[in-house]
Structures are given as C-alpha cells and as structure tokens.
Amino acid sequence: MAEEDFPNTTHEGFNVTLHTTLAVTTKLVRPSPAKPILPVQTGQQAQQEEQSSGMTIFFSLLVLAICIILVHLLIRYRLHFLPESVAVVSLGILMGAVIKIIEFKKLANWKEEEMFRPNMFFLLLLPPIIFESGYSLHKGNFFQNIGSITLFAVFGTAISAFVVGGGIYFLGQADVISKLNMTDSFAFGSLISAVDPVATIAIFNALHVDPVLNMLVFGESILNDAVSIVLTNTAEGLTRKNMSDVSGWQTFLQALGYFLKMFFGSAALGTLTGLISALVLKHIDLRKTPSLEFGMMIIFAYLPYGLAEGISLSGIMAILFSGIVMSHYTHHNLSPVTQILMQQTLRTVAFLCETCVFAFLGLSIFSFPHKFEISFVIWCIVLVLFGRAVNIFPLSYLLNFFRDHKITPKMMFIMWFSGLRGAIPYALSLHLDLEPMEKRQLIGTTTISIVLFTILLLGGSTMPLIRFADIEDARARRRNKKDVNLSKTEKMGNTVESEHLSELTEEEYEAHYVRRQDLKGFLWLDAKYLNPFFTRRLTQEDLHHGRIQMKTLTNKWYEEVRQGPSGSEDDEQELL
C-alpha cells in the first residue's frame, strides 16, 4: 500500500510545486495588470482587412490629389484673396455632398472610406504638422516673446477651457441646453479651446502686419494646440476614474498634478531628445553623406512622439519642443544640402497633412452621424467667443506692465478675432470616450459647427477687419493695394529661409552674437554657452566644401535640364 501511495503523493507534490513555481514565475514576468493581446488576423479575414485598408488609402490619396489640383488652380489663376484652408474645406463639403448623392442612388458605398479616423490623425497627420511648426519658428521673435506666448498659451487656454466648460455645465443645470456632467463639460471646453489661425497667419504675412502681433498669434497657436490636448487628456483621465468619493478640491489637485506631469514631463522629454540629436550630429560628422544625415534627422524628428506616447506622456508636446530645439541647435550641424532638404520636405509633408485634415473636415458634414441642437451650438459659440475675450484682454493688459513693445487695443482685438478653430478640436471630439452615443454625436456635431463658423465666417472677414482697423504696415498697404497673396503654398515654394542656412565661422559667430551688448537673459546664456556647446562652428574649409557641394549639385541639375528632349537654346537663355 505504501508503495502504491508513494507515486501518487509524489505526483501531487510535484503538481503543487510546479503550480507554485509557475505562479511565482508568472508574477515576476507578466506585468500587472496584463495587457490584452490582440488576435492576429489570418486567411480571408486578413485579406478583407487589407482590401479595406487599401481602399481607405486610395480614397485618401484621391481626395488629396483633387485638393492639390484646387490649390494649383488658385495659384495659377491668381485667386490670392481666398485662403487655401477655406477653399479646401469648401471643396470637402462639395465632395461630401456628391458622395452622399452617389450613395443615395446606390451606385457605390464609401461610408467606411470617407469616415475620418482619429487614430490616423494623431499618429500620422498631426505629428508632422506640429513638428514643422516648431521647426520653422522665427527664433528671434519667439524667444523675445516667450513669456507672453507661454502666458497666452498655457494660462489663457486654461481660462478659456474653464469659461466654456463651466458655462456649458451651468447652462445644462439650468435646463437651457442639454445637460453634461462636470468632467464632460470641461473636456469639451478644453478641446474647443485649441486655436488654428491658418487663414489669419496667411493674411498677416500677406499684409505685413506688426511682426510682434504675428508672432504672438502664431506662437500662441502652436503651444496652445499641445496644451489643449493635455487638458483634454486630463479631463478624460478624470472621467475614467471613480471620483464619487473624492471631494472637489482633491479632484482639482489631481487634475493639476496630472496636467503638470504631462506638460513639463513631455516638454522635458522633447527638449532632451532635441539636445541629444544636436550632440550626436555634432560629433558624428555625416555632412559628406547627406542621405544618411537626412535619415538621422527624420528618425530624431519622430522619436520623441513615439517615446512620449509609450510612457503615457503627451507626444504632441514632446515633438513640438523637440522641433524647436532641433531647429535652434541640430539644424546648424547639418550640411547646406540637408538644411534645404529638411526645410522643403517638412513644408511639403505638413502641407499634405493639413490639406488632408481640412478636406476630411469638410467631408465630415455628410459622413458623420449628427445630432444637431441649435440652442447648444449657439450658446457654445457665444461661450467660445467670450472665453477667448476673457483670455486675451486681461492677460494683454497684465503683460503691458512688463513689455517694452506694448500690445495695443487694436492688436488685442485682432488676437481675439483670430482665434479660429481647426482640425484638432474635431479630431479630439471624435476621440472622446463618451456615453451614451447621443452625447458623443452632440459634441461632434457642435464641434464641426464651431470649426466651420470660425474658419468660413471669421477667417473670411479677417482681411477687411485688419484693413478697417488700420493695423497693416503703410508701405505694405500701398504695395498690396492691387494684389494680396494669401497662398501659403506659393510663398513656401518660392523661398528658402536664410535664418535656417548657417554659414557662420567661429570668428563671425563671436562677432555677431557673443560680443553684442543688448543680449540678456536666456538669449545671452544661449549665445555664450549653449549654442557653442551644442552646435558645430564652421571653419573656412567647411564653408568652402559646403559651397562646392551646392555648386556641384546645381551644375549637375542644370546639365540634366540642358540634355532634356525639349531643351533648346531659347529655353536655356530664358533659364539663365
């Protein structure tokens, strides 16, 4: 009997030991809680997914091609008075109407392809737009106005979010509009506070308004997008948690802590990535192989976004600060060929992404399931305008106590009026996890209405308002009286920013910056210590090699043009 029981006992003990070992090993290896593993699609299901994705890509590229043709026609026929963003949104509305008629006639079904996907926006379209904005900043005006821009972008956006969110919540409690709880109201107030004055900036550049006003509006809009996204994520984080047993003060402190972690953590990560890229390209000289140099820049451009999203920070905030730092330091370690290539590539990619977003914004009028409440839309527009006013006017008067270049009342009014809404509020509204579905549709429809109202009405009336307010430069007014060019694409294609072409030797840099007596604060620290540490100063030999490289490429291109089948002496003479 003992011999028979022994194997069973041993077997049971082995099972217990194995179960305990596996449990401990699992606890050590697997994270807690375990992340769900997505099933791998195979066979027919995978083929259907590939076909669907292929049709979506085809439809998106087709829409983009039609929009490019439209922009080309605007430039060719000199319709410079019409901002490209307004034209593309209008084209999107027209295309959506045509597709709706085709679906009604049952000739085709493109509902899935024309639907705007928030994940595609945040992963593919938004990062290049934000990075290019930070990379192409006019650094002098930006850093000189960094205090004012930060105040408008951070505190001003928070004020606007609280005004809009609080107004929606209390109006709902008073049964004036549909009811939303506090966190949903704040989430909507945060997402709708993201400004996108693309049309306004084009008008500013065309009319040559005060460069300080231009930088205040442009700089605020860049930082404001990232702040708005962080605020919306903060509100979503509060929604996911069970806050029933937490007091209002504790809720506020949790939200503040989350916002500060996201803002400063993401900004620090982006800044650190940009500085590392500067040191890498300073000490690893890739200037003789521009293709490798350009590839390294593209990697560093997208690297902070993926890392920040992977560790639960804001990828948009990280890639924005990375773009600013890489433009200020890393860019000057590149060869002249790569410098020009980076400028033109980023501009082209950002243009394509912006165009795609505005086109799908117009398409969404017919592709998105709507719930339209006229009272909710009107009150939200009033609150958005009022929140913008509470943001701009008090902060401007406060800043004038510390600024040498004062913000005039006319400039304040233009800044308030230029608070257009763009694609980011629309994408954020689709990204919100709201229940029930009617609430999500109400927020999406209202957001689309506000975006179209600000782009088409406010954006279309900005130029007459600027001329009526007499903010335009006098010489520019005489020059632009007959022809005003609002084409951002045409201007980008015809210019290369000299600020981004670094050809200063060690002696020239010291003469231009280090010995200047008017530098103070961060500008002095940057010129004295940071810039020399993170950037490579050119020798006369480097400068000579860079010019030879540019001349060789130009001659090679010209020889290829001359050898073309349609080349003639008249064509060559005209080219020269």
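Using the three backbone atoms N, Cα and C, a Cβ is placed for every residue, glycine included.
As recorded in TrEMBL, the features of this protein are as follows:
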- 57-75: transmembrane segment (TRANSMEM)
- 66-466: domain 'Cation/H+ exchanger transmembrane' (DOMAIN)
- 81-99: transmembrane segment (TRANSMEM)
- 120-137: transmembrane segment (TRANSMEM)
- 149-172: transmembrane segment (TRANSMEM)
- 184-207: transmembrane segment (TRANSMEM)
- 258-281: transmembrane segment (TRANSMEM)
- 311-329: transmembrane segment (TRANSMEM)
- 349-368: transmembrane segment (TRANSMEM)
- 374-399: transmembrane segment (TRANSMEM)
- 411-428: transmembrane segment (TRANSMEM)
- 448-469: transmembrane segment (TRANSMEM)
Task: Segment proximity, the transmembrane segment (448-469) to the transmembrane segment (81-99), 3 or more C-beta pairs under 8 Å - done: yes
TODO: Using a Cβ-Cβ cut-off of under 8 Å, list the residues of the same chain that are 6+ residues beyond the ends of the transmembrane segment (120-137) and lie near it.
DONE: 218-219, 222, 225-226, 301-302, 305, 315-316, 319-324, 326-327, 331, 342-343, 346-347, 349-350, 353-354, 356-357, 423-424, 427, 431, 497
Open item on the list: Tell me if the transmembrane segment (258-281) touches the transmembrane segment (311-329). I count contact as 3 or more CB pairs below 8 A, with pairs 6 or more residues apart.
Closed with: yes
- [ ] Give me the stretch from 57-75, 149-172, 411-428, 448-469 with the greatest number of Cβ pairs under 8 Å to the transmembrane segment (374-399).
- [x] 149-172
Task: Same-chain residues near the transmembrane segment (411-428), Cβ under 8 Å, at least 6 residues beyond its ends - done: 85, 116, 118, 121-122, 126, 191-192, 194-200, 209-210, 212-213, 216-217, 220, 225, 228-229, 232, 354, 357-358, 361, 364, 384, 388-389, 392-393, 396, 444, 447-448, 450-451, 454-455, 458-459, 462, 465-466, 469, 471
